[in-house]
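**Q** Annotations per Swiss-Prot:
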type: DISULFID; residues: 47-279; note: disulfide bond
type: DISULFID; residues: 60-72; note: disulfide bond
type: DISULFID; residues: 95-140; note: disulfide bond
type: DISULFID; residues: 283-307; note: disulfide bond
type: DISULFID; residues: 479-483; note: disulfide bond
type: CARBOHYD; residues: 15; note: N-linked glycosylation site
type: CARBOHYD; residues: 16; note: N-linked glycosylation site
type: CARBOHYD; residues: 28; note: N-linked glycosylation site
type: CARBOHYD; residues: 170; note: N-linked glycosylation site
type: CARBOHYD; residues: 291; note: N-linked glycosylation site
type: CARBOHYD; residues: 489; note: N-linked glycosylation site
type: LIPID; residues: 546; note: S-palmitoyl cysteine
type: TOPO_DOM; residues: 1-520; note: topological domain 'Extracellular'
type: TOPO_DOM; residues: 542-548; note: topological domain 'Cytoplasmic'
type: TRANSMEM; residues: 521-541; note: transmembrane segment
């Protein structure tokens, strides 16, 4: 009698996942497992960076802080900072209207500084021949009274005289020194003589690298903060053992304090309206802190710290599993003892939960799933290593801080913005292309592993079993559980079963030949009968036509 279909099928895992990925060839491919590599969340707070607090200037600008705007007294002495936070339009800037020369360059310098130590270089009390306390303005109020910047001194004439100033400071510190000074531009000649006595004045400043001569620009101007005059501030970095020399006969705003640069490092001036969140992070953006090991984010292009790379993408998902096409249950006519078993062509197996690839067998002892642990583990290791490699390579920590330009540098600013946008487009394209290509390769890798497992079984069974074309093999001999296990572990003994398989194969072939002979006789009979009937009809038609 004929052997009732003992079978073994090769298939792959399926589950209830609805995760979808894109590949080079397809979109929205449902897979069993996937890994998101794009961070899209933040905490909406300003945090410490690696345990170091930021310097949050609140309503003060950098200029207001450095010059000592009376409304910025909380920042007279500040500890080490990780980064500086300034609002887009801080209220407490230059209280006395004017300009801060090379302000953007100074901010760029601050992006490489983590700590200042404020030191007195020319005491206010040392100006015995000039009024050092009368230089105040209603534009810089403090407690309802006129005041002035805390770190500089506005020198006024004394006893209707303004003797020429000659003052020097030698930097005996081991650190660089940030020194600030300024010039007052009066509204008219009357104000000039009222404040400084001398109608024609100048300010000279010199170091080993600086040679500056300033003269006041007297002009009628619109009032700002109640003032028609203007002040212009300057700065320089004084190196150790270098001296700065001042000479002036009027309009001089002298330095009282300077900033010793005691610690340099990676910092930034970040524009943000957020409040301090009493938290810690490795990556800060103006929108909030990011705590993520993902290689990409789409939160904000400007960052400080160890951050993922910003891209414009909305979705970057790497597949780690297989195509998820669960086998659909459908009514089938029963075949053999255990019915038909679909293989990997018809869909994945949700019943196989302990591996990615494996077997389903059926024989007289029963049926069941078994994962191929070796191929599954190799695949898991391969995919995991690949994903980790991609993340490691792309997770080079990036820092992108904003750059500021003055009004004369708008064309440079526009060019810089176009270049940065171009770089972002390239990074985004590269990231998306990388994901598409790697997803395609991963799915092909899984398909190849299933095929390899199939070929492993096929090469063992040879002509002892029949390929059903759906990932399954039907044995020409009885295959009990021990036999099935030998197929799975690669120790199937082909010679042991070949004689019995050969007899059954010949018996099946004989049945096919006998059936084929019957079909051929019926076919010949049908052909002859049809031809004879057609000949009789033609002859009858001819006789009828002739008789007419």
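Backbone N, Cα and C define each Cβ position, glycine as well.
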**Q** Round to a whole number and give the Cα-to-Cα distance in Å for the pair residue 47 (disulfide bond) and residue 140 (disulfide bond).
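**A** On Cα coordinates alone, these residues lie 32 Å apart.
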**Q** With residue 95 (disulfide bond) as the reference Cα, tell me which of the recorded positions 16, 72, 170 is the closest one.
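**A** Closest candidate to residue 95 (disulfide bond), judged by Cα separation, is 72.
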**Q** At a 10 Å cut-off from the C-beta of residue 15 (N-linked glycosylation site), count the other C-beta atoms across all protein chains.
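**A** Taking every protein chain into account, the count is 18.
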**Q** What's the CA-CA gap between residue 279 (disulfide bond) and residue 291 (N-linked glycosylation site) in angstrom, rounded?
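**A** Taking the Cα atoms only, residue 279 (disulfide bond) lies 11 Å from residue 291 (N-linked glycosylation site).
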**Q** Here the disulfide-bonded residues are 279, 307, 483; which one has the lowest number of other Cβ atoms no more than 10 Å from its Cβ?
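**A** So among 279, 307, 483, the disulfide-bonded residues given, the one with the fewest Cβ atoms within 10 Å is 279.
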**Q** Can you give me the Cα-Cα distance between residue 489 (N-linked glycosylation site) and residue 307 (disulfide bond) in Å, rounded to a whole number?
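**A** Computed Cα spacing between residue 489 (N-linked glycosylation site) and residue 307 (disulfide bond) is 47 Å.
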**Q** How big is the gap, in Å, between the Cα of residue 28 (N-linked glycosylation site) and that of residue 291 (N-linked glycosylation site), rounded to a whole number?
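**A** So the Cα of residue 291 (N-linked glycosylation site) lies 28 Å away from that of residue 28 (N-linked glycosylation site).
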**Q** Check the topological domain 'Extracellular' (1-520) for me and report the mean pLDDT.
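**A** Summing pLDDT over the topological domain 'Extracellular' (1-520) and dividing by its length gives 88.
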**Q** Residue 483 (disulfide bond): which of the recorded positions 16, 60, 170 is the nearest Cα neighbour?
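**A** Nearest candidate: 16.
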